[in-house]
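Quick notes on the structure that follows.
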Amino acid sequence: QEHAYPADELMPLTCRGRVRGQEPSRGDVDDALGKFSLTLIDPLDTLVVLNKTKEFEEAVKKVIKDVNLDNDIVVSVFETNIRVLGGLLGGHSVAIMLKEKGEYMQWYNGELLQMAKELGYKLLPAFNTTSGLPYPRVNLKFGVRHPEARTGTETDTCTACAGTLILEFAALSRFTGTSIFEEYARKALDFIWEKRQRSSNLVGVTINIHTGDWVRKDSGVGAGIDSYYEYLLKAYVLLGDDSFLERFNTHYDAIMRYISQPPLLLDVHIHKPMLNARTWMDSLLAFFPGLQVLKGDIRPAIETHEMLYQVIKKHNFLPEAFTTDFRVHWAQHPLRPEFAESTYFLYKATGDPYYLEVGKTLIENLNKYARVPCGFAAMKDVRTGSHEDRMDSFFLAEMFKYLYLLFADKEDMIFDIEDYIFTTEAHLLPLWLSTTNQTVSKKNTTTEYTELDDSNFDWTCPNTQILFPNDPMFAQSIREPLKNVVDKSCPRGISRAEESLGSGPKPPLRARDFMASNPEHLEILKKMGVSLIHLKDGRVQLVQHAVQAASSLDAEDGLRFMQEMIELSSQQQKEQQLPPRAVQIVSHPFFGRVVLTAGPAQFGMDLSKHKAGTRGFVATIKPYNGCSEITNPEAVKEKIALMQRGQCMFAEKARNIQKAGAIGGIVIDDNEGSSSDTAPLFQMAGDGKNTDDITIPMLFLFNKEGNIILDAIREYEAVEVLLSDKAKDRATIFKGKMIPNYIIDSNLEMESTDQKSSENDSHKQSSEEAASASQDVGAVSEEPEEGESSDVTDPESLSPADADSDSISISNQDSSIPGTDEASAPEPACTQGDHQPQEQKTETESNSKVNWDNKVQPMESILADWNEDIEAFEMMEKDEL
């Protein structure tokens, strides 16, 4: 409220609100923003769960008074449904509960429900299709296909986008007695069920909303499909319709038969479910163990959850995507709550205190690595610890809720949580809706349902009792074999393509042997249905059409060849690129909480070999471009110099500031508004001469990140930063000094004498299939002249294989194989002993956590540190969320 209201989201690094149209576009991610104060509505019922009833009452009044739903803006139907419609319905559910108790909300007269109904009607135009599947986007004011709507031309939607409506729409119908909402949501679900692949009983990721044809034919339990399965089971729980349970059980049998490869969950092709579609997993599948708990299938839930926890312990957070050998594929982490959700449900089912320890680790990592002065910042790169100026509404709506419930005792709650079901956004809908306003017939519309021989189905319903024999070692015995699964999968000499293919059949032509000038190779490609296209820019594109292969076996050989080529492309990209670096602001009031993604240099100190990094106060040089002798050397000496990009070579700038006595340099992009959020990072190249004389570290910041430092200088004057290969633990940075340690919520604070810190040695996805690949590093060899655009080599243009000086790009029009733009980001090699937690003793006195070094400090220094940190503590307390 202090920094962002009434904007949709908080930007926690710049301490302001994100208003759509006023910030650089982030693509599909921005479709969740509708100028309706999203972060106010989404976590409404979280306030009541946290027993913040007064704050909830104030928030509801603010929603009623300020929020406008009639905006001329195009939004995602899926996101608006789960976040805004769900938020209003969840708020209404707990509001009427509080009113019934007689102390709070006595004035409430269903205003949130009326707003939910208004929003429901604004979403209905999206369903104006022959199939009943909704358009993916709708204009809140003009609907779809209206001349002023600016939407309605889309042909595809994701399965989860069309199949994650029934809980909110049915609840709206049951609350209001207006049946149309539930009818539309049921029709969409019915259509998806009818279009499932009959032989495998799987569904694809994206579907044509007009014809019902599968556009993407890969199938998994992660992005694009996840909540479709969730809502089938939960629709049965909330609405009591057996057809939803039958459909879920049919799909679940197929998932466990084809997709589940314990402890992994790997995407497959719906027509050939024995063939893996990719060799990596996305983070959204972390919800699935929680759904398995709801179903009652505990063993695979424990296995997958434990595997995910081992990945988190390696990287501090769950990367957006990671490979089957547990390397980072996409490095971002937007503070997703799915793993916390599964942790909560596993603890509810097992009562195993191990899951409390897991929750404690999540809280400590959030406070160590994501907490910034104005909130919690998403991780831009889990390898370096750099931040993104982003805090999604689901962080407050879901993460806070699940972590609080994980540790809360029954007496901590002012209502019985068992009377409600969680939506996919963790909003609370009362179970009594199942018997209210049943305006839609519960006729079983499921066709061709096959009886499945699975005793687990006997358990299918929400069950908070122990779901396995009363043996406290049961869960531990399942987890134990997986304790070292991540470390044991450290990359070996063979390629990931070979690992993924295992000992199975190999294609007649291997990707590493392919030469575009070899006629025999071209003949083999033709037989496999792979054609070669020469592009105007000199590159060669490979395209596979399975129908053009000589036989089905040849088509499969072609598919394997394409997979190998993609893996080879990914591997070669990593060999040509340096990983990003980190600039960490360590002075008051940041204390290491703000980490900026920086591009490295091909000259100067190699920060990956100097683990301590370079720490110092920053100073702006004169002239600012650094292209001639520095005229203010007294201001630069023993400091880290800030300079502007342009007018000369990077190496020349480095030599000039080194001569002036600087201990490091940061080059700030002169392109106004540039940001690592929207542009690929690049490494600063030398000037073609010997650069061994440059010994100081040099890093590059885009304009937006650079302005964060410049703004800090204007406000605080003395700004100290740490240049390193990755963000450092604050306990390491401030060794010997007292630093405040903040907890998410006082009710979540965990008293402990041992705090574990882990070396982070390794390295959006939207709900509609993922975000862009993690920021890779291209190279810029020299500075552009004034007025010229920067010459950045896009990682996507790097050649994946040597083919007579031609580079090769890869596509596959019949199978959803990830292209070269999905290559995993570079990552340091594993070494024995990496990622091991180091114990750090913490003494607790007078409820303040103080880290002391054994070194003796002068009293004046200690008092100065105390005063500085007390000021910071008071300031941070004021900003407490």
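Including glycine, each Cβ sits where the backbone N, Cα and C put it.
Listed in TrEMBL:
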- Glu79: active site, proton donor (ACT_SITE)
- Asp226: active site (ACT_SITE)
- Glu320: active site, proton donor (ACT_SITE)
- Glu338: active site (ACT_SITE)
- Thr424: Ca(2+) binding site (BINDING)
- 621-708: domain 'PA' (DOMAIN)
- 751-856: region 'Disordered' (REGION)
- 753-767: compositional bias 'Basic and acidic residues' (COMPBIAS)
- 782-794: compositional bias 'Acidic residues' (COMPBIAS)
- 795-818: compositional bias 'Low complexity' (COMPBIAS)
- 836-846: compositional bias 'Basic and acidic residues' (COMPBIAS)
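Per-residue confidence over the domain 'PA' (621-708) averages 90 (mean pLDDT, predicted model).
A straight line from the CA of Glu338 (active site) to the CA of Thr424 (Ca(2+) binding site) spans 9 Å. When the C-alpha distances from Asp226 (active site) to the recorded positions Glu79, Glu320, Thr424 are tabulated, the minimum falls on Thr424.
A distance of 11 Å separates the Cα atom of Glu79 (active site, proton donor) from that of the residue listed as 'Ca(2+) binding site'.
Here the Cα atom of Glu320 (active site, proton donor) is found 18 Å from that of Thr424 (Ca(2+) binding site). Sequence-distant neighbours of Thr424 (Ca(2+) binding site) (same chain, six or more apart, CB under 8 Å from its CB) are Ile82, Thr164, Leu167, Asp226, Ser227, Glu230, Tyr231, Phe287, listed in sequence order.
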